[in-house]
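Student: Copying in the features that TrEMBL gives for the protein in this structure:
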type: TRANSMEM; residues: 75-99; note: transmembrane segment
type: DOMAIN; residues: 100-254; note: domain 'Pesticidal crystal protein'
type: DOMAIN; residues: 324-526; note: domain 'Pesticidal crystal protein'
type: DOMAIN; residues: 536-669; note: domain 'Pesticidal crystal protein'
type: DOMAIN; residues: 750-871; note: domain 'Pesticidal crystal protein Cry'
type: DOMAIN; residues: 942-993; note: domain 'Pesticidal crystal protein Cry'
type: DOMAIN; residues: 1113-1190; note: domain 'Cry1Ac-like'
C-alpha cells in the first residue's frame, strides 16, 4: 500500500516538524486498520456523523440564543461603535438580530436557554409580561427608526426634527419603564439574558440622543442630561448583570448531576447499555457531568451576557468619540468529554482550568501514546498531552504538560501552529480519535485511532460485563460557537483527565487519558497588538509579554472582557507594539482601578531609549470591583514612526496601590503633535477657567471652587501657547485674574494666599517666631506659609509651639449662616487646625506626606517655568493614621471612640476638581470628624485626618448663630505645631460664606448657641469671682486708689497671695495656643495683665522700702554672706532661704540712720526639732533675736511672720540667720523705717 496520500485526509505521525503537519508527508495511521470505518470517510460523511449533536447536548434554544448573542458581539466588535454616521445605525442592526421574523422567538429562546442552564423555570406571568414589553420596545424603536429615516431625507425640516425628538423620548421612556419588568424578584437569573439585550438597546438609544440630539433641535442641557443618564445606566446595568451572573453561577455550581443515562441527551454517553454497565461507569461520568453543568453556565452566559457587557463602555461618546478596535481576551472551555477518576467538581476545576495568566497563543500540540494493552481492539491509548505556548509578540515559547499518566511513552502525534476553530471527536466511553479543523482545511488533522467494532468489557467492569463497542461509539463536534465557517473562536489550550482502567486477567490497573477539554479565545484578538491609525485601539494589559516585580494576573470581575494585571509595589507589565505603517501620534489612556493612592510610571521604550512620566492615581475601590471602580488615566501623547523598532509600553507601580490595569488605549491625534498639545493645553485651561464660574457670564465664582483651584487654573492659562492661541490666552488671563479677585473678596480671612507684604501684622496673621512666608515650592503658585516645628530653647525644658492665627471679626459675619473653611497643605506633620466660634467646631490633626515632589526648570528671570516638562520624583502613596481617640475608617473618615452630640458633627464640605499644570489628578476634600469637646484642659486629643482620598485639601464648615457686634465672638482660625519634629507648608486658606442655615442645621446651631451662652455665663461667674478676690487682695496692699504707696502693714506674703489670686483668674490665654510665645490672649487677658502689673508694682514698692537687700531671695543668695550648706530653693511663686544644718548660717551687714527707729519683720517656718533664729545687732547694744520653732502657731506647712522693733545706737547693724537643728526656711526678711510706716497708715 502506498504511504503517500494526496486528498482531504491529513494526519500526523510521531516525528515533530516545523510544518503544521509533522513529518512533512500526510499519512494515515488508520490505513492499516481494516476494522476502521473511517478509512475512506470524507469530510461530509464525518460532518453527518457529528451532526448527531455537539458535545453539550444542549437544546436548539440554547444554541440559537448563544449564536444570536455571538453574532451581536461580533457585529459590535466589527463596527467599532462609530461616532460618525446616522442615528439608529447600531440599533438598526440590533433589531435585525433580535427580531429577524418580527416575532419574539429569539427572546423566548433567550429565556429558554438560561432556564435550561440553571434548571429554573420563569413564572408564566413574568414571562408573558416580559414578552409583551419586548414587543412594545420593538414597536417604539421601529417608530423611532421611521422618524430618523424621514429626517435623514430632509434634515433641516423643523417638523421632522420635532417628530424625531418625540419618538426618541417615547422610546427612551418606554424602555426605561420596561427594564424593571426584566428584573422580577426571584426570576433574575433566568431573565438575565433578556435584561442584558434590552439594556443593549437602551444604551445605544441614549447614545443617539447625546450624539445626534443637536441635529434634532435638542437643547444642550437636555443632551447633557442624556449623557448623565447614559453614564448612570452604564454603571447600573453593568453591575446588575455581573451580580446576577455570579448568583446564577452559584446556582449552576450546586446543580446535581441528575442525568437520565438512557435519554441520549449527552451524545458521548451511550443510551443503550445494560444496567450493570451503567452501575459500574456512572461514578466515572457523574463528576464530569457535574463540572459540565457548572461550566456550561459559565461559558454560555459569558457569551450571552458578559461579552456584551464588556463592550458597553464604548457606548459613552464622551470617552469614545472615534470608532474603537476592541478585543475580548477571556478564555472559554467547551465541555469535558469522557470519564475521570471520580474526582469531584472542584477538583476537576483545579485540574483543567488554567489560573489567570497573560494571554497566550497555542503553537503546538503533542499527544503522547503508550503501548496497546489487552483492551478492545488493542488501540493506542493517550498517555499525555503537551502544549507549546507563547505570549503576544514574544519570540520565547515554552512547553507545558497538561495531563500525564503512568506508563511508557511510545509515540506522539504533533500538530504545529494553526488557528484551529473546531475539534471533532469519536470514541466509546472516552475519546479515542480527534480531528482538528482550521477555517479552511476541509478534512481536518487526525490524531489517534477510531473505536473498532468489537465486544469487550466496559472500562471499569473488571470482567464479566461485555458490551459491543461499535454500538457505544459516538461522533461529536465541539467548538465555540456552534456555527459553521468562519469560526469565531480559536483553540488556545488542551487539557484532560485520566482514569484507571481494569481488565480481566490482569492483576493491576492501567492509567490513560480518558477525557478531553478544549479552551478557546475569541478570534478578534490581534496577535500583533496592531495600532489602528484611524480608531481608538484598546490593548488589554494581559496581552503584555512580561511581568516584573510582584505583578500578577488576576481574575477579571466579568465586565472587562478578560483578566486584569495587578501591580503591587513593586510591579510592572511590559507590552510590545508592532512597527507602525506610517507616522502617527496618539494619546495614551489607561483604564485602571486602585485600592489605594499610588503612583504609576508610564514608560515608552524604543530600542534602548525611553521616555517616562509619573502619574498619581487615587483610590477607586475598597471591596469588589464594580463598573465605577475603573477610571481613566490620561498619559502623555506619543508619536510612532515606521523606523521604530522594539517599541514597548511599560507600566510600573512606583508606590502605593495595588494598581489594577485593564487596558491601554491609543487614541489617534489629528495633525501634528505640537498642534495637538497646544490645543489640549488650551482646552484644559478653558475647561479649568469655565469650571470656576457659575455661568457663561463669568461674574460669580462657584461655591465649590477653592482659592487653590483658581491659582492652578491660572497656571494652566499661563501655559497656553501664544504661538497657536495668543488671543484666546489673553481672554482667559483676564477671566482668571477676575476669578482671583472674586476669590480674595469673598475670603473673610485677610491675606489667605500670603501674597501681600502685609500678610503679618495688625490686620493679618499673628504668628510665633520662625514662621515665615516662602516662594520656593512649585506645587504652590507663589508664596506660601512655612511653619517649622515647636521651639525648645537651649537652656530650657520648655517647648513653645509654633502657631499662626487670625480672628474674623463679628462685623464680617451674618446670622445663622454656614461658612466653609478650606485650605491646601503641601505637606505637614503634627499640624493641628482649629476653627471655632462656640467651641471646637473643627479640630483636626493633619499628617500630609510630602508626596507631590517635582522639579520645574527655571526661566530667565529665576522663576519656575511651569510650562516645560517637570522632573518628577516618585510619589509615595497617601498614608495617614489616626491617633488616640480616632481610628482609621474605610469611608475616608475618622471614627470617634467617644460619643458626639449632633451639634458637633460636621461633614466634609463641597469639593471640586483640582486643576494642576503638572497633570496631577484633582484633589478631593477630606477630613476626620472631630470630637465633641469645649474643654481644652481635659486632656483630649485632636483627630488625625486619615484615610482620605487626598489629604492635601481640607474642607470643613462652621455655622454662626445670632451675630452680636458687642460680644464680637467672631471666628477663630488657628494652626499649631506642638512637636519639635513637626512641619507644615500651607497656602490658600479661606473662610467663605456658603448659605443660610435652614431646617435641622438651623435648629442645631441655635441649640449650640444656647449651650455656649450658658457656658459663657458660667465662665463669667467664675471669672468675676476670681477677679473680685484678686482685686480685693491687691487693693488691700495699697494706701490709695492710685496704687502708688504700700500700706505699712503690707507683708510680703500678702503680695504673694495677691499674685496667687491673679494667677487663679481663668481664661487668660487662648487654650488652644496656651504655652506659646508670644502669648495669645484669651477672654480675661487684659484684666490679668492689669492685675499682674499691680502685683509687680507692689513688689517693687516692697523692695524699695526694704533696707535689706534681696530680702525676698528672688536673686538667690546674692547680697548675703552664707556658708556652703545654705541654699535658696523655689517654693510656689517665690524663693526661700533654706538652712538644713546647725552649722549653716548666713548674714548681711547694713548701714542705717541711728536717729530713727526700725521694724524687723521676718516670715519663716521651722521644720523638725530645734530653733531657727534671726538676730539683729549693732556695735553698741546687745543683739535682739526672733526665734522660730515648729511649735509656732499655724506653722504646719505655712510661714509665720514675727516682728521686732529696734533703735540702733550706731549706723551699722548686722542680721544673722541660723538654726540649731532640723530645717529652717525663711521666705522674707524686711527692715523698714518707722517714719515711713507712719506716713503710710
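Indices start at 1 and increase along the chain as displayed.
Every residue, even glycine, has its Cβ placed from backbone N, Cα and C.
Where the annotation comes from TrEMBL, it is an automatic prediction and has not been curated.
As the structure is a computational prediction, the values presented were derived from the model and not from experiment.
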Student: What mean pLDDT score does the domain 'Pesticidal crystal protein Cry' (942-993) have in the model?
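Tutor: That region's mean pLDDT is 86.
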Student: At an 8 Å Cβ cut-off, counting only pairs 6 or more apart in sequence, do the domain 'Pesticidal crystal protein Cry' (750-871) and the domain 'Pesticidal crystal protein' (324-526) clear the bar of 3 or more pairs?
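Tutor: The domain 'Pesticidal crystal protein' (324-526) and the domain 'Pesticidal crystal protein Cry' (750-871): touching, no.
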Student: From the DSSP assignment alone, can you count helix, strand and coil residues within the domain 'Pesticidal crystal protein Cry' (750-871)?
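Tutor: Final tally across the stretch: 3 helix, 52 strand, 67 coil.
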Student: Can you count helix, strand and coil residues in the domain 'Pesticidal crystal protein' (536-669) using DSSP?
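Tutor: So the counts come to 6 helix, 78 strand, 50 coil.
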Student: Over the span of the domain 'Cry1Ac-like' (1113-1190), count residues by DSSP class, listing helix, strand and coil in order.
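Tutor: The domain 'Cry1Ac-like' (1113-1190) comes out at 0 helix, 42 strand, 36 coil.
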